[in-house]
Amino acid sequence: MGPSFLKWIQALLLSFFYAHGSCSSVEQKIYVTLKNTTPCVRLLNATHQIGCQSSISGDTGVLHVLETENDLEWIAETGPHAPYMVLMESLAFTRCCVYTELYGPELANCNATVWKSTGERLLSYEDFPFPIFSLFSLPDDNETQVIRKLCDPLMDYNVWATIRPINATAKGHKQNESMVIAATRETFDYIGSSRMVYDMQNNKSVIDFDNVHSFLEIGQVGLWNKRNMWMHSDPISRRNVSVNEEVGSLVSNIKSAASTLNLSLDEPNATQALPPSSFQRFLRVRPIPGVVLADHQSSFINKYYESLYDTAEYLKVSYPPDLSPEEQLEYETEAAKLLYGFLVNSNNSYFRSLLPRDIVSKERNSIFSLSPPQYYVSLSQNQQPKSVTTFVKYVLANMTGTATSLNQSQCQNPKDVPGESKDLYLYDWVYGSESENHTKGEPFCVRAPVRLAKAVSPAFELQQYGSKEYSTWTESRWKKIEARIFLVASPQLQMLTLGVGIAVLLVSLLGTYFISSKADILFSSSHDAPNTTY
Amino acid sequence: MTVAVFFGCAFIAFGPAFALFIFTIARDPLRVIILIAGAFFWLLSLLLSSLVWFIAVKASNADDTKLQKGLLIFGVVFSVLLQEVFRFAYYRLLRKANEGLAAISDEETSPISVRQMAYVAGLGFGIISGAFSMINILSDSLGPGTVGIFGDSQYYFITSALMTLAITLLHTFWGVVFFEGCEKSRWWVIVVVVCLHLLVSSLSLMNPLYEGSLPPVYVVTVGMAVWAFFSSGGSINNLSQLFTRKI
């Protein structure tokens with residue numbers, strides 16, 4: 001038993017080295033957790049729900065790659081291993097494919113003018129009783145969730161700036177001749193503009209309605225190829241004679257300005273209603289003369305406006321293939337730089353040069369990514385503005401502000417410097433443009449009349465959770481959303497395991513009973529007591 | 001569906017131990033006590049060996065995979081030796097207890113024989129070691145997934161259950177043979193038991209090559225069963241007596 005046995009052991013140990021990979025837990029051998037996914041989440045307001053929801057303990061299905069439309073029949077009807085989880089290209093994610101007869105197309109359209117002919121592509125504002133994950137990754141703004149009640153209100157910040165500085169502490173007072181540029185977070189029922197209007201009505205904003213002389217909204221102007229823009233106005237408020245006159249003069253002013261730029265501007269049919277726009281929230285309060293500039297006469301040209309597909313890929317933004325990221329950034333015009341930053345790649349030298357140095361040099365949770373910023377309004381987390389809002393803020397600061405000669409400490413504490421006031425301006429020590437060899441920017445202090453205003457629906461401020469006046473969209477509370485891929489044992493193997501188990505149990509019960517009942521015979525040696533007897 | 005796998009594995013791993021407990025242990029409080037105490041002794045050995053292994057792993061370089069594998073093998077060998085040391089310690093304790101039991105007994109003899117104690121103590125070792133090796137696997141067997149997405153064998157759960165079953169039975173037989181060897185001062189018996197324990201444990205290091213580990217373990221189990229039968233007073237004569245009586 002000695003030497004041969006040792007050899008045995010040696011052989012065994014060698015085979016262990018060969019066969020055994022690493023000692024990891026069983027779960028790691030079973031599941032592959034999908035990383036870089038963007039889940040679809042459940043959004044709710046007082047009356048409706050959209051987004052996705054899984055069963056209470058998650059959904060499981062056989063993964064099936066949808067290659068052709070013929071696979072649909074297999075998945076929905078003939079396939080023997082239902083339910084299925086479908087893996088498809090986002091292009092195939094259309095109403096015809098996702099909706100079966102179970103979910104009929106009951107979408108109500110507005111009766112007069114259909115602004116958004118959604119076409120075949122499924123957009124973000126639908127309700128699915130099953131989970132959906134997008135495998136192309138979007139930057140994740142939601143690393144930590146602030147949980148309040150069962151749902152959390154969607155919120156972000158509005159960005160606005162004035163041409164002339166106005167005192168931020170003097171709320172509700174008359175400010176003369178100030179012009180406001182606001183970039184609001186409008187998705188989900190005008191959250192941004194309704195909040196702005198609410199603040200103006202309740203003297204919580206530095207401007208109020210008496211300050212508003214007229215309104216010029218720049219709507220969707222991205223896709224005008226024919227050098228033809230449309231000036232939409234509101235037929236209802238134009239019944240008022242003075243408003244009608246003001247709108248007329250506004251239109252002629254814009255037209256004369258546009259003619260110098262070789263732009264042709266037209267007005268749609270006078271009876272056509274105002275397209276969806278922030279201006280509508282202001283008109284609800286009082287008739288204000290105003291115009292909405294857009295690239296569409298009636299229905300939207302951009303079919304994917306404010307949806308998951310409102311991306312460079314679907315807007316057909318493309319660059320010559322041999323350009324480096326920096327060359328793409330500098331391609332064509334100044335406005336194209338913005339387009340590049342907001343649609344293609346937010347981590348570019350132009351955006352970096354506009355932002356404060358401590359944001360640019362932050363290594364962890366950087367708001368820069370090699371993809372566009374996240375446009376979903378999402379929840380409040382640490383009361384911080386979302387990355388896209390931050391970009392808009394500093395782009396506006398760059399356009400409306402001025403570079404000052406203040407040094408870094410003065411920039412952080414401008415109230416000690418004569419002639420400077422934090423009530424009038426935003427001061428930020430920005431990164432500055434990078435030199436040729438891509439090392440570091442040359443920071444300077446920018447002073448701009450730019451402000452952030454909280455854009456959370458007034459319904460939550462007023463605690464009117466059933467409000468029909470204001471948006472009540474919330475995101476349903478969730479702790480962890482994950483998708484994982486795993487194998488399932490075949491029914492044969494499962495039944496084999498169960499069968500062997502039951503057989504072992506029965507045999508051992510019978511065998512033990514038999515042996516213990518006969519133990520006095522089995523274990524009766526001449527001089528010792530039996531073993532397993534009872 | 002994976003509930004089937006869970007119950008199948010649970011029945012395989014713990015069915016025999018359950019049957020033995022029901023029919024031979026449960027009705028005698030003294031046996032229950034010896035069983036639980038045996039399990040406690042095994043736990044103590046596990047505690048000590050895991051402590052040593054933990055210190056060894058923490059003190060060593062975690063990136064050196066060859067060293068870590070060596071440490072794992074060392075841990076297995078050390079744990080086996082420690083288990084056998086505690087089996088011997090438990091034997092000594094039971095001998096002492098037996099004397100005490102005999103002293104307070106009415107009939108001047110102990111209410112339980114050393115062979116019975118050996119069997120019960122061995123089963124205690126077996127049940128607790130089986131439970132420790134199987135509980136985590138059982139919880140994973142509830143699914144919904146099964147092992148195999150990285151190319152591992154799909155028979156992982158059932159072979160683990162079968163291995164646990166063998167280990168439980170082996171501990172019982174080893175207990176019987178070991179105590180008999182101690183009683184009769186046949187030290188070679190103890191050496192063989194320790195060696196077989198080492199062999200079985202190192203066979204499990206061959207996993208996931210189940211063809212290489214399971215059959216030898218079951219050969220050892222059957223051999224140990226026969227040995228335990230004879231060392232606890234069984235004989236061919238008894239067997240033939242049983243069958244002739246039955247006919």
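Easy rule for this one: first residue shown is 1, then count along the chain.
Just so you know, glycine gets a Cβ as well, placed from its N, Cα and C.
Marked as transmembrane segment by TrEMBL: B:6-25 (among others). Here the transmembrane segment (B:6-25) has Cβ contacts under 8 Å with residues 31-32, 35, 119-120, 123, 126-127, 130-131, 134, 137-138, 141-143, 157-158, 160-162, 164-165, 168-169, 172 of the same chain, all six or more residues outside its ends.
Taken from TrEMBL, the feature transmembrane segment applies to B:32-56 (among others).
TrEMBL lists B:71-90 (among others) with the feature transmembrane segment.
Panel annotation: around the transmembrane segment (B:117-135), residues 9, 13-14, 17, 20-21, 24-25, 31, 34-39, 41-43, 46, 83, 87, 90-91, 94, 98, 160-161, 163-165, 167-176, 178-180, 232 of the same chain, lying at least six beyond its termini, place a Cβ under 8 Å from a Cβ of the stretch. The transmembrane segment annotation in TrEMBL covers B:117-135 (among others).
Annotation comment: TrEMBL describes B:155-179 (among others) as transmembrane segment.
Annotation comment: TrEMBL describes B:186-205 (among others) as transmembrane segment. Beyond the transmembrane segment (B:186-205), the same-chain residues lying 6 or more positions past its ends with a Cβ under 8 Å from any Cβ of the stretch are 72-73, 76-77, 79-81, 83-84, 88, 163, 166-167, 170, 174, 177-178, 180, 212-213, 216-217, 220, 224.
Residues annotated as transmembrane segment in TrEMBL: B:217-239 (among others).
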- Message: Given a Cβ distance threshold of under 8 angstroms, which distant residues of the chain, six or more beyond its ends, lie next to the transmembrane segment (B:155-179)?
- Response: 5, 8-10, 12-17, 20, 38, 84, 87-88, 91, 114-115, 117-119, 121-123, 125-127, 129-130, 133-134, 137, 141, 146-148, 189-190, 193, 196-197, 200, 204, 207-208, 210, 213-214, 217-218, 220-221, 224-225, 227-228, 231-232
